[in-house]
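Heads up: the structure comes next, in C-alpha cells.
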C-alpha cells in the first residue's frame, strides 16, 4: 500500500538525518564530497563503478550520491539508486569502504547475485538498503556482525531461509524483508523477538508460518508499523497485540487467522487496520467506529456476521475508508453506515443482502469519493435520473449486479472518473451522454450485451476517456474513432469488422490496443509499431507484419496469431529490447528460424507454431540456442529440420531454475488507475498440453513449456534438456528423433506432460520417469522402444494407447507380458504381494546358484532379467501431488 511505502521512506529519511552529523556533507551539496574524499577512496569508488554497467547512472555528476568525512576523507555514505547492472562479487571494491555508515543500493540490477558474506565486514553500517536489486539465496549469517544497524531493507528480492541473521542486531529500528521467499516457523525463540527497539517491521509476502501469531509480538512494544500480510499464519491473533500501544498501522491480510477480531481498542494511535482475506468471525465491535485516529478499516473477505452498530457519537469519527465486502452480515447494515459522514471510500461488495439496496441511503455521505456495490442487489428505482446519490463520487463499481438498463443516474455525477459495470445484462447502445461526463477517464463495461454507440462519433472522440474496456459484448460494424486521449483500449471478443481505421495512428497516448477475437480484415497499420502492447489475435488480417520497429521501440508484447499473415518475420524486431512476448502462430509466414531474437534480453515467450518456417533449428555455429529469459517456445507444425546439438539447451537460464509462484505468478501488465484499483492485463497462449489443445490465459512466469512437434527434426534428444528444471510440458512428437530417451529427464521434477510419440526412438523407457511425481501425461507411442514399461503411479495410470506401436515394449498397461505370456488377470493386493515375494526369492536363487541342478533354467531367467527388468525389481516410492 502507498501508506506503508510512505511510512518506510519517512523513517529512512529520519534515520539518515541521525546518521549525518555536522561533520558530514549535507544532502543538498554532494559536490563538496569530491574534495573531502581521500585519494584511495576515490580510486576504490571508481573501481566499484567499473565493475558494472553504469549507463543508467547520472554521468553529468558522477559523484552524486557519495559523502565523505571532511576530517578523515573516508566514504561514510553511498547512495546509488537504479544505476548499476551486473554481478556484485565477493571481491568487489565496495567492501573496501570500512567506514561506511549508510549504504543505499536499491533498484539496481545485480543479476541474481547472492548477498556476499563480505557485507559483515562493514561493521560501522547504520543504514543498509538492498531492495529490488535481484539478490537471491540466503542472507549470510555474517550480517549478525552489523551490530550498529538501525535500518535494514531487503525487500523485493528472491531471498530465502530464516531470519537468523537478525540475531545481535539489537539496535535495529527498521526491518523490511517484504516480497521475498523467507520461510519457517516463527517460534517464541526467534531472533525477531529480540529486536526491542524495532519501530517498523515488514514481513509481507513471504512464507512464514505459525499455528497462531506468536504472543511475543506483544513484547515489541515500540512498534509503530507491523505488516505480516500474505504469509501462512493460522489461528487467533493473541491478546498481547493490545500491548503495542505505539502502533499506528497494523496489516494482517491474506493469512488464515480465525476467531474474533483482534483486540485493538487500546491502540489509540492506530490509523490503519487491514484484516482483509482471513477467516475472522463474529460481529464487529462498535468501538472500532469511534477510535480517535482510525482512518482506514478493511474487514473485507472474512466470515463476519450479525448486524452493524455505529454509535451516535460516530459523527466525530475520522474513518475515511471502510471495506466490509464479502462477509455474511444480517439485517439492515446500511443505515448505521450512513452515520459515518466522513467516509470517502466505501466497499460493500458481494454482501448477498436479502433486500435491494437503495443508492439514496448514501446521500448523507457528502464526502464520498468511492462506492463499490458489486455483486449486490440494486434497486432499479435508485438507478433512474430521479435518484439522489452523492455528487462527489469519483469511482462507482456496480459489477455483477444484474442490471439490464444503462443507469441514467450517472448523468448527475459530473465528478465521475471511474465506472465499472461489467458482468451485467445491459443491452442496446452506449448512450451519447456518457462520453460527455467531463472527468470520465476509466470505463469498464465488459461482459454485457451492448451492440453499438448512440449519436455522433465526435462526442466519443472528444471525451476525456483514457482507459476503455469493452470486452465480450456484441459490438459490430466498423471500429469507432477512439478518444484523442485514449491510453488503453480493449474490445476482445466482439463482432467488429473491416479494416483497422488509420485514425488510430493519431492517438499519440495509446499504449495498449487489444482487438483480439473480432472480424477485422486488411493489413496491420504500420503506425501500431510504437505501442507497448499490440494484440490482434484471431482476426482475418492479411499482408505482412510491418517491418517498422526502430531502435528502442517500447514494444513489450506482440500477438498477431491466428490470422492470414504472410511474408517474413520483421527483421527490425531485433530493436525491441523490451519485448517479452511474441506470438505469430497459425499464419502463413514463410521464413527461417529467427536466431537473431536471442539477443533480446527480456524475451520470455516465442510462439511460431503452424506457419511455414523452414531450415535448421540449430544455430549456424551448432552451439546452444541461447535465449536467456525464454520460458515458452512453440514451433510446432512447421518444416524445421536438422539435429539439436548436445548443448542446445545449455544457455536457457530462465528455464533452468524454478521461481516461487507466490510472487510474479503471471505475465501481466499492471497499472494503478485510482487508489487501490489496478488495471491488470494478462497474456494468452494456445497450448498443447496433456494431449489436448487448450487456450491458457494467465501465462505463468514460474514454469517453462516446449513444443517442437510436427517438424522434421532428427538425431538424438540432447541430454542438456535435463537442465530445464522449470519445464512442465515437453512435446517432441511427430519428428524423426532417434537414439535413447535421455536419462536426464529424471531431473525435470516439475514435468506434467511429456509427448515423444511418432519418432524413431529406441532403447528402454528410463526408470527415472516414474520418480516424476507431477507427471500426469506420457505418450511414447509409435517409436522403436523395447523392454518393460516402468511401473509407477504416473506410468501405470496412462492409457494403453500411450505405448502402442512399439513392438518391443511389454508390461502393463500393454497386454504383452515381459515373460512371453499374456498379462495375468488382476489379483487382490495380498495375493499379488505374496506371489511377487515368492517369485523374487525364486529368481534371485536361480541367478545366485548359477550351477547345479537347474543350471539351464537359471541361465534363462538371468538372461530375461538382464533384458527386461522384471516388475518386482522396481521399488516404488512416489509421493502424490498435493493439490
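Think of each number as a place in line: the chain as shown, counted from 1.
Cβ atoms are placed via backbone N, Cα and C, with glycine included.
Under DSSP, residue 58 (N-linked glycosylation site) is assigned to coil, being neither helix nor strand in the three-state scheme. The N-linked glycosylation site feature in Swiss-Prot is assigned to 58 (among others).
When Cβ atoms from all protein chains are considered, those within 10 Å of residue 109 (N-linked glycosylation site) total 18, not counting its own. Residues or ranges marked as N-linked glycosylation site in Swiss-Prot: 109 (among others).
Summarising the annotation, Swiss-Prot assigns N-linked glycosylation site to 145 (among others). Packing around residue 145 (N-linked glycosylation site) is summarised by its Cβ count: 19 other Cβ atoms lie within 10 angstroms of its Cβ, all protein chains included. Mapped onto three states, the DSSP output places residue 145 (N-linked glycosylation site) in helix.
Secondary structure at residue 189 (N-linked glycosylation site), taken from DSSP and collapsed to helix, strand or coil, is coil. The local packing around residue 189 (N-linked glycosylation site), expressed as other Cβ atoms within 10 Å of its Cβ over all shown chains, amounts to 10. Annotation comment: Swiss-Prot describes 189 (among others) as N-linked glycosylation site, evidence class sequence analysis.
Within 10 Å of the C-beta of residue 207 (N-linked glycosylation site) there are 15 other C-beta atoms, taking all protein chains into account. Residues or ranges marked as N-linked glycosylation site in Swiss-Prot (evidence: sequence analysis): 207 (among others).
Other Cβ atoms within 10 Å of the Cβ of residue 266 (N-linked glycosylation site) number 12 in total over all chains. Per Swiss-Prot, N-linked glycosylation site is recorded for 266 (among others).
If you look up Swiss-Prot, you'll see 305 (among others) marked as N-linked glycosylation site. According to DSSP, residue 305 (N-linked glycosylation site) sits within a strand segment. The 10 Å shell around the Cβ of residue 305 (N-linked glycosylation site) contains 14 further Cβ atoms across the protein chains shown.
The number of other CB atoms found within 10 A of the CB of residue 312 (N-linked glycosylation site), across every protein chain shown, is 6. The N-linked glycosylation site annotation in Swiss-Prot covers 312 (among others).
Counting every protein chain shown, the number of other Cβ atoms lying within 10 Å of the Cβ of residue 352 (N-linked glycosylation site) is 11. Per Swiss-Prot, the feature N-linked glycosylation site maps to 352 (among others).
Secondary structure at residue 462 (N-linked glycosylation site), as computed by DSSP, is coil. Annotation comment: Swiss-Prot describes 462 (among others) as N-linked glycosylation site, evidence class sequence analysis.
Following the DSSP three-state reduction, the secondary structure of residue 575 (N-linked glycosylation site) is helix. Marked as N-linked glycosylation site by Swiss-Prot on the basis of sequence analysis: 575 (among others).
Of all the Cβ atoms in the protein chains shown, 24 others lie within 10 Å of the Cβ of residue 731 (N-linked glycosylation site). Annotated N-linked glycosylation site per Swiss-Prot: 731 (among others), in sequence order, evidence recorded as sequence analysis.
Remote same-chain residues near the repeat 'LRR 1' (97-121) are listed as 16, 19-20, 41, 44, 67, 69, 72, 74-90, 127-137, 139-146, 148, 153, 158-159 (criterion: CB distance under 8 Å, separation of at least six residues from the stretch ends). If you look up Swiss-Prot, you'll see 97-121 marked as repeat 'LRR 1', on the strength of sequence analysis.
Summarising the annotation, Swiss-Prot assigns repeat 'LRR 2' to 122-143 and lists sequence analysis as the type of evidence.
According to Swiss-Prot, the repeat 'LRR 3' annotation covers 146-169, on the basis of sequence analysis.
Averaged across the repeat 'LRR 4' (170-195), the predicted model reaches a pLDDT of 94. Per Swiss-Prot, repeat 'LRR 4' is recorded for 170-195.
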Notebook entry, point to check: Counting distance between Cα atoms, which of the glycosylation sites 145, 207, 575 is nearest residue 58 (N-linked glycosylation site)?
Noted result: 575
Check: By DSSP, what is the split of the repeat 'LRR 23' (627-651) into helix, strand and coil residues?
Finding: 0 helix, 8 strand, 17 coil
Note to self: When secondary structure is assigned with DSSP, how many helix, strand and coil residues does the repeat 'LRR 25' (725-747) contain?
What the structure shows: 5 helix, 8 strand, 10 coil
Checklist line | Cβ contacts of residue 575 (N-linked glycosylation site) (under 8 Å, same chain, 6 or more positions away) | finding: 549, 550, 551, 552, 553
Notebook entry, point to check: Residues of the same chain, at least six outside the repeat 'LRR 9' (293-316), with any C-beta under 8 angstroms of its C-beta?
Noted result: 3, 248, 253, 261, 268-284, 286, 322-333, 336-337, 339-341, 347, 349
Checklist line | Sequence-remote partners of the repeat 'LRR 16' (463-486) [C-beta within less than 8 Å, at least six residues beyond its ends] | finding: 422, 435-453, 457, 492-498, 500-501, 503-504, 506-507, 509-510, 515, 520, 673, 679
Next item on the list: Could you tally the C-beta atoms, other than its own, that fall within 10 angstroms of the C-beta of residue 462 (N-linked glycosylation site)?
Entry: 14
